[in-house]
Amino acid sequence: MSAAFTISKKRKFVADGVFYAELNEFFTRELSEEGYSGCEVRVTPSRSEIIIRATHTQDVLGEKGRRIRELTALVQKRFKFAENTVELYAEKVQNRGLCAVAQCESLRYKLLAGLAVRRAAYGVLRYVMEAGAKGCEVVISGKLRAARAKSMKFADGFMIHSGQPAVDFIDSATRHVLLRQGVLGVKVKIMLPEPKTRQKKSLPDIVVVLDPKEEEPITKPYTVINQPVEAAAAAGQEVVAEQETAVAY
């Protein structure tokens, strides 16, 4: 986010966080039908690059790039960027089954289409587990059948809920679905096979057993006699004398 005046590091972090939250909310509202699943902001000295991750990148770009240009103009006007200092790019989600936002949006549209709650939830669970996830949890709450609200939880596989591994390995998303009987809350949590960060981390309960080193062959023990320097010199002279005698013969 560009600023003409210098601010402290603390205020800079807060301003960047607010900017990212507002930008993410804006894209969530504008690109919900295109399968929006997150964005990444890269700031360079000359311009700011915003990478939009979605399942349908062609719809994000639009015909001849019209939609992406409209979004660029809206972002530039909303966040007061200077002219030609912000660019938007569309990136396709590599694995939809391991993206909680994409699966949450998929479940949302299934419920809007009138699909049964259990069938929609189990379809998401099956798709996520087939994609290679360690575990998945789907929670749907609201007026599901009767007039009284309740919550239904569907889970499969392995799921952790606390500690630093929950931050590194859990991808979660929450959406709201407006139906005729009221608003439903949808939450999807996915236990990833690898951490979200690029650092190689493992769960604390995983024990890695290293292969044993190859044993060196045991040699026969021997004794080393340390002789004094004078005795060693005399022994050396005797050996030389014996060699000279042998040569003379």
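Every residue gets a Cβ built from N, Cα and C, even glycine.
Straight from Swiss-Prot, the features:
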- 23-94: domain 'KH type-2' (DOMAIN)
- S32: phosphoserine (MOD_RES)
- S37: phosphoserine (MOD_RES)
- S106: phosphoserine (MOD_RES)
- S141: phosphoserine (MOD_RES)
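Sequence features, as recorded in Swiss-Prot, placed on the structure.
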{"residue": "S32", "record": "phosphoserine", "contacts (Cβ under 8 Å, 6+ apart)": "E105"}
{"residue": "S37", "record": "phosphoserine", "contacts (Cβ under 8 Å, 6+ apart)": "R53, A54, T55, V93, C99, V101, A102, E105"}
{"residue": "S106", "record": "phosphoserine", "contacts (Cβ under 8 Å, 6+ apart)": "G35, V124"}
{"residue": "S141", "record": "phosphoserine", "contacts (Cβ under 8 Å, 6+ apart)": "A149, K150, S151, M152, L184, G185"}
DSSP composition of the domain 'KH type-2' (23-94), residue counts helix/strand/coil, works out to 29 helix, 22 strand, 21 coil
Summarise the model's confidence over the domain 'KH type-2' (23-94) as a mean pLDDT value. 83
